[in-house]
Structures are given as structure tokens and as C-alpha cells.
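Trainee: Structure provided below as C-alpha cells; questions to follow.
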């Protein structure tokens, strides 16, 4: 008994993760034992669980705490990232309520899988060693593989799930190989110990190879070039609310992990990993911008858009400074909110025969549904980085960090990629406002989509009026990561 009491403090820092795990199991049992349980019931349970976990995270102190032998850490940075992940996951569940019922996916397991994926993301964000990193990554990935193929009767969804699984397994293998190299050359799996060893002994070629493989595995999770090949097919084939989830929360978790790995485990090797990050950032920005131009399916276009946006976020990471990390965090928040709004508009693209996904189907939307068209146009301008919308400030902070760090060519390439990207965003605005009206969509938009779209639109439009809370919160998170 005494032993059990002494272990209680070990578990307290991980209470949000424990709540998610217990909640997922409880909802799973509720769905199994209650006859005719549908996704709406378990979705409401999942949202209540997210609210409880979010409340705990908000009242939790910002102190730095390590537990489970130093493999699990909580601080102000993990709190910031976990709240953003919760926000993205909750939005994905809310956006899917009407869709899953209309598309014959109304099964109680759907929200449970999102909870389990969120649990994996929480573990990734709090990982303080290579083993806990891999555990969190795999828990997230296994849930996402199943969600991608959740619409069993749809061959595109099944194909998307299979592609994601095969390529995800390859990326996990690369990450694990890199982790084994790092462990072999440093003798430790804990980030702090790895940093200490490298500080004392200096760098060697084996550790550099290890970093390359670990970054390859993590770059896959944020769809960064050249590990982006799965993204367009999976985004197009997966059910639309699932695509909205993929485009938000997993990217936040993987970016948090990249930040912690590079700045906590390998600060002494900044000159080595900075070159890799600069290459990935340039390749992602340029390929994402040019590849999206020829797309006719709006979900494929959003896939290439997400590749490009992760490239922009990595510009701040490449700077290797506290200002750069702050820029990354602000960029991620703005990106997640804008993304949720765009996918609400995509989910409103429904006719009598079902959901449509072609960009040409938006023709004349301004005459049929002027409010939806206005919101979509505003979000497109924001994604393009037009001031004074939120998207402009996201890019401004990461480009300024790159300039202050002396990475002038990277900042210039980023600005040019933004100009190219503006073309395909503005093409959507042109189609909505100036093309001949197509057959109108079913009206009105479901209430839950209207709510998420409204929040996204207000944030995007009025962010410039009062950006201080987000800037201060991101600065506090950066101070926790880089004391």
C-alpha cells in the first residue's frame, strides 16, 4: 500500500493522458454494451472529455516536471501544444456530426479513434526520450490509419487508408533506425542526456545520420517534401472530416516533437540540422505552391496547400532562435483555425446526389450562398497571406525571424512561394464570384458547421485588432522550451 501511495505523484503529471485513455475505454464499452449506439452519442461524450482535459490543462501550473524516469515531461510548451491539439480534435468531431450520418459512417468507434489519436499526440508532445517519442507516434499513427479507411464501403477511403499505412510504416522504420543510431553513438535515449554527451564528446557522423533518419520520419508526419507523397491521395480519398483532422492536429503534434528533439537533444548540432531544415522548408514551400496550381479537386488542393504551409512554418524553425520558435507556434495556431474554417466550407458543398469536391462546383456560390462565399473568400485571402488577415501575421513572424537570423535567401524564397500560392487561392475566389452559377448546394448549412466557420472567420478577420494574448502565450511556451 505504501508503495502504491508513493507512485501517485508519478502519475499526476500525466493525468490528461490518463483521462483520455480511461475515457476512450469507457466510451468503447458504452458503445459495445448499449444497443443501437451511434456516433452522435459517443461524439458528445468525446467533446465532454476534451472539455474536462482542457480545463485541467488550463488550471495546471506551468512548472517543469519530469516523470516516468525522465521519459515524460510537462511544461508551458507542452500545455500550449496540447490545448491546440484539443481544439483541432474537438473541431474535427463537431464538423463530422452531420457528415457521418449522411454518408453511412454512423458508428460509435469513430470518436473513440479520434480520442486515441489525440492521446498519441499528447504523448508525442510530452515525449522526453526516443522510446516515449516512438510510443506516442505509433499510437497516433495506428488510430489515423483506421480513421482514414473508416468509410469501409468507399474504395477511395480504403485505398487512402492502405497507402497511409504502408508509407507510414516505412517512415516509422526510418525513425526507429535513426533512433537506434543515436542511441548507439551516445549511449542514451533521453534528450537531456543525449545533449550532455554531445556537448562533452562533440559530434560524429553516426549521430548526424541518426538525426537525418529521425527527421525523415517526423517530416513524413507533417507532409514535408520529400516525404509528402502520401498526402494528396490520402486527403482526397479519406472522408472530408477525417481530412480536416489530418490537416490540423497531427501536424501540431509532429511539429512540437521536431522542436523538442532539435532544441533539447541537439542544440550543439544546430549548424548541421539547420541545413536539413532549410532544404525541407524550401522544397515544401516551392513544391506545394506549384503543384497546387493544376488541381481540380479542392481536397487535393488543400493537401498541397498544407505541404506549402508546413514549409512556411519550418522557416521559423530554420532560424534556430526563440523568435523563430515563437513564429512557428503563432503560425500553427493561425493555420489550424483557418484550416477548420475552409473544411467547413468544403463540407457545405452538398447537392441532392451527395457531397461534391471539384473546385468548379463552387461556381456562382456568391449568388446562392453569399455568406458562405464571403467566409470562404476571406479564408482564401488569409491563406494567401493578404494583410490585415491572420494568415499575413503568421507569415510575417516566421519571415522576420529568418531575416533576423541572417537567412535572407530563405525569406525571399518564402515570399516568392507566397506570391505563387496566392494564384490558386484567388482562383477559387474568382470562380465563386465571377463564374456562371452552378446547381446550388443544399441549404442551410448545418448548425455545427456554422458555429465552427463563424469562430474561424471572426478569428481570421479580427486577429490584427488584439493579437496580444496569442503572442504572450507563445512567448511563455518558448521560454519553457528554451529556458
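Yeah, the Cβs are placed from backbone N, Cα and C, and that goes for glycine too.
Okay, these came from Swiss-Prot:
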TRANSMEM  13-33  transmembrane segment
TRANSMEM  45-65  transmembrane segment
TRANSMEM  80-100  transmembrane segment
TRANSMEM  111-131  transmembrane segment
TRANSMEM  165-185  transmembrane segment
TRANSMEM  205-225  transmembrane segment
TRANSMEM  244-264  transmembrane segment
TRANSMEM  276-296  transmembrane segment
TRANSMEM  328-348  transmembrane segment
TRANSMEM  373-393  transmembrane segment
TRANSMEM  407-429  transmembrane segment
TRANSMEM  452-472  transmembrane segment
Trainee: Are there residues at least 6 beyond the ends of the transmembrane segment (244-264) whose Cβ is under 8 Å from a Cβ of it, and what are they?
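Mentor: Distant contacts of the transmembrane segment (244-264): 77-78, 81, 84-85, 88-89, 91-92, 95, 114, 117-118, 120-122, 124-125, 127-128, 133, 136-137, 140, 144, 147-148, 191-192, 195, 214-215, 218, 221-223, 234-235, 238, 270, 273, 277, 302-303, 306, 310, 313, 317, 325, 328, 332, 335-336, 339-340, 343, 346-347, 481-482.
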Trainee: At an 8 Å Cβ cut-off, counting only pairs 6 or more apart in sequence, do the transmembrane segment (111-131) and the transmembrane segment (13-33) clear the bar of 3 or more pairs?
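Mentor: Between the transmembrane segment (111-131) and the transmembrane segment (13-33), contact is present.
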Trainee: Which of 13-33, 80-100, 407-429, 452-472 has the most Cβ pairs closer than 8 Å to the transmembrane segment (373-393)?
Mentor: 452-472
Trainee: The transmembrane segment (45-65): which same-chain residues, six or more beyond its ends, come within Cβ distance under 8 Å?
Mentor: 13, 15-16, 19-20, 23, 26-27, 30, 73-76, 79, 82-83, 86, 89-90, 93-94, 111-112, 114-115, 118, 476, 480, 483
Trainee: Which residues of the same chain, at least 6 past either end of the transmembrane segment (452-472), have a Cβ under 8 Å from a Cβ in it?
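Mentor: Residues 91, 94-95, 326, 330, 333-334, 337-338, 340-341, 344-345, 372, 375, 378-379, 382, 387-391, 393, 445 contact the transmembrane segment (452-472) from elsewhere in the chain.
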